[in-house]
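Trainee: Annotations per Swiss-Prot:
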| type | residues | note |
| --- | --- | --- |
| ACT_SITE | Tyr95 | active site, charge relay system |
| ACT_SITE | Glu137 | active site, charge relay system |
| BINDING | His85 | heme b binding site |
| BINDING | Tyr190, Arg206, Gln207, Tyr208, Ser209, Thr390, Phe391, Gly392, Pro393 | FAD binding site |
| BINDING | Gly269, Val270, Gly271, Ile272, Thr273, Pro274 | NADP(+) binding site |
| DOMAIN | 1-138 | domain 'Globin' |
| DOMAIN | 152-257 | domain 'FAD-binding FR-type' |
| REGION | 149-403 | region 'Reductase' |
| SITE | Tyr29 | site 'Involved in heme-bound ligand stabilization and O-O bond activation' |
| SITE | Lys84 | site 'Influences the redox potential of the prosthetic heme and FAD groups' |
| SITE | Glu389 | site 'Influences the redox potential of the prosthetic heme and FAD groups' |
Amino acid sequence: MLTPEQKAIVKATVPALEAHGETITRTFYASMFAAHPELLNIFNPANQQTGKQARSLAASVLAYAAHIDHPEALGGMVGRIAHKHVSLEVLPEHYPIVGQYLLGAIAGVLGDAAKPEILDAWAAAYGELADLMIGIEKGMYDAGAGQPGGWRDFRPFRVARKVAESRVITSFVLEPVGGGALPAYQPGQYLSLKVKVPGQERWQIRQYSLSDAPSPDHYRISVKREGGGLVSEYLHGAVQEGDELLVHVPAGDFVLQQSERPVVLISAGVGITPMLAMVQTLAQAGSQRPVTFIHAAQNGSVHAFRDDVARLTHEYPHFRKVVFYDEAGPDDQLGTHHDVAGRLSLDAVRGALPAGEAEFYYCGPAGFAGAVEAILDDLQVPAERRFTETFGPSQSFAPVILG
């Protein structure tokens, strides 16, 4: 257990970590992968190449150090990390490896400043965090495998249908090989896919949001084709109906809360996928919760699920939509295909927002999430009624300790 003296040492190292955090994490990843190349099967190499993962880990380490006296303050973020780890099949034996190379990187970058008492304090702090994460993740693994239809690790699914939803987004309907019932998921959660792209030495793991209401016999994900994206290009271009993909049990903490409050769903681009699962689930359950569905797309050619959302306006009496096109095409009709020309703005959505203390869910790229945060700040929406998912590593203590 960390002593008060060790906690004080960890907190005192925050300025040094702020100054050298990204260098430490880059050094950590390079040395760990050199010694344990098998871990490259867990990590997204694109995030390594761009430095996103190094920045993300540096931010995580800083947040942990700053909250070392009261780690329970990071409870929600720890849960998000645990969900991501479970989706990657991170195991207890991975934690000592990470600890060894993280401490080695701290020692190497800080040099003479890394006194033995500093390294001992950080070893104790990391040990406590590892024990916490291992315990939480064990509970998640046991729950995932123990529920009806559940499983552990990755299992084969067959692509039953492949459907183009827009010029850049394609849906994959997945059924378990051998059949059988599937465990239900919470709308907003995601699947992890493990694929071996031809010509690549390592397995690739990616997460994709489930994009419809839960079904007992299939899952659906909807994937945006990213220019230069190794896995998305492979899924769009090579994977066909009848092919098999390895799938992990659903995970994720960006889920619809069990309340009776009005719901505001705000998305951009492929961020529409978890929102569609949420609103379809409410509609199928006959919920009385008012839903305002706000979506931003470049234009109609990339706007996925337009017809699905339009149907909801007729089938779900408590549903209202506002669609923004910031670069409408010649065939995009204002009032039919989209409701507002231009970018998402507070003035344009204020009149569509429900009365009362609504819950706000928003999903999209990091820049979009920042714009939504500014709108919610103007509306004085408290943190406990904000729920968000950002694709890619977050720049806060929300991504992952390992991957």
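Numbering starts at 1 and runs along the chain as displayed.
Using N, Cα and C of the backbone, Cβ positions are placed for all residues, glycine too.
Worth saying up front: this structure is predicted, and the values here are computed from it rather than measured.
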Trainee: What's the number of neighbouring CB atoms sitting within 10 A of the CB on Lys84 (site 'Influences the redox potential of the prosthetic heme and FAD groups')?
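Mentor: Other Cβ atoms within 10 Å of Lys84 (site 'Influences the redox potential of the prosthetic heme and FAD groups'): 23.
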Trainee: Taking the Cβ of Gln207 (FAD binding site) as centre, how many other Cβ atoms lie within 10 Å?
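Mentor: The answer is 19.
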Trainee: Apart from Gly269, Val270, Gly271, Ile272, Thr273, Pro274, which residues in this chain have a Cβ no more than 8 Å from the mean position of the Cβ atoms of those residues at the NADP(+) site?
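Mentor: Checked against the 8 Å cutoff, the neighbours are Ser209, Ser211, Ser222, Lys224, Ser267, Ala268, Met275, Leu276, Ala304, Cys363, Gly364.
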Trainee: Let me know the most crowded of the binding-site residues, choosing from Gly269, Gly271, Pro274 and counting other Cβ atoms within 10 Å.
Mentor: Pro274
Trainee: Checking the contact step here: among the recorded positions Gln207, Gly271, Ile272, Thr273, Glu389, which have a Cα within 10 Å of the Cα of Lys84 (site 'Influences the redox potential of the prosthetic heme and FAD groups')?
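Mentor: Passing the 10 Å Cα cut: Gln207.
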Trainee: List which of the recorded positions His85, Tyr95, Glu137, Ser209, Glu389 have their Cα within 10 Å of the Cα of Val270 (NADP(+) binding site), in sequence order.
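Mentor: Cα filter at 10 Å returns Ser209.
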Trainee: At a 10 A cut-off on CB-CB distances, which of the recorded positions Tyr29, Tyr95, Tyr190 has the highest count?
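Mentor: That would be Tyr190, with the most Cβ atoms nearby.
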